[in-house]
Amino acid sequence: MSFIHKLIQKFKPKKKLVDQVQQAVQEKSFFQANQKSYYQGLNKSANSFANTINKLAANYVTVNEQFQESLFEELVLLDIGYHAATKICDAIVQELKLQRVSDPQLIQEIIVDKLIVYYIQDKLFETDLTVEANKTNVYLFVGVNGVGKTTSLAKLADQLTKQNKRVLMVAGDTFRAGAVAQLAEWAQRIGCDIVLPNPKEETPAVIFRGVQQGIQNEYDFVLCDTSGRLQNKTNLMNELKKIYQIVQKVSSAKPQETLLVLDGTTGQSGLAQAKVFNEFTELTGIILTKMDSSSKGGIILAIKDLFNLPVKLIGFGETTADLAAFDLEQYVLGLTKNLSLNHEPNQT
């Protein structure tokens, strides 16, 4: 059993009786993390992380002020964020001093240990997508332009359809040129039903029709695309609030998921987006895309630290299989695979 696996197991809750809803969730294989995707998709982040940690472990035999400054700088560069980096750095230095550690591998293990403990903070996040049994589940996809919002929706629709679920896509991005055609093409490729906007119809009206149709025809899932909006445009953000209220009115409940799609390569800009979107609507989770192109895997810690929001899905590439459920253990294994920790054999 690997060092990482042992560490994660300490925080896993004891198994409870599985009720109908939990069982429905567990039966859906699209919620499972793909270990191979994590190992291959996190190559850039893993190389960056290993270079950072190996350099620190090799350059400092004693834990002094210079070590602490270097550690803090490296954590910030990994996009962990100033607040989280400060707390994690203090915890690492305290532990290293307490144990009087000078062995480079032990230094690596303590750094990884404190990163995981900080993310978990006494309990594991619920990262499964919410699925209510015997009900139409409505998912809203929100975010700025260019983050992979429409593509992520289509990839999830494909995975759900392959599980024999009835899925209705709603092409609510009426602003971006080509967005409707893009989703319509995906629908044809997947074999999935879609609600398209009428001429000059705005996003809230399209979402209203789509959710209404999904409920009336007893679809399992209604996946709603929305127009990309800049977080500094108040009128667009207010429209998002209106869309959220429309779903509540039509379905007599909040959307099962309101997912903010973030580009994993944008770093602190993504955090600024999350802050504003979270103010205008009740986000339930994050979809982190383009992680195969990112060298800064620490953004997941920053999201957890600032907003207490779970990353629910993570994207590593172009195919539909490259959108995976977020799994902390697989993520950490992928991120630390180039360190000399006690890993299980690498997946290639």
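Think of each number as a place in line: the chain as shown, counted from 1.
Glycine residues also receive a Cβ, built from the backbone N, Cα and C atoms like all the rest.
What Swiss-Prot records for 143-150, 225-229, 289-292 is GTP binding site, and it gives sequence analysis as the kind of evidence. Sequence-distant neighbours of R229 (GTP binding site) (same chain, six or more apart, CB under 8 Å from its CB) are V142, V144, L236, M237, E239, L240, listed in sequence order.
Within 10 Å of the C-beta atom of T226 (GTP binding site) sit 29 other C-beta atoms, taking all shown protein chains into account. The Cβ of K149 (GTP binding site) lies under 8 Å from the Cβ of F141, V142, G143, D173, D225, T226, G228, V261, each on the same chain and at least six residues away in sequence.
Cβ-based neighbour count (10 Å, all protein chains) for G146 (GTP binding site) stands at 10. Around M291 (GTP binding site), the same-chain residues six or more apart in sequence whose CB sits under 8 Å from its CB are G41, L42, S45, G264, G297, I314, G315, F316, listed in sequence order.
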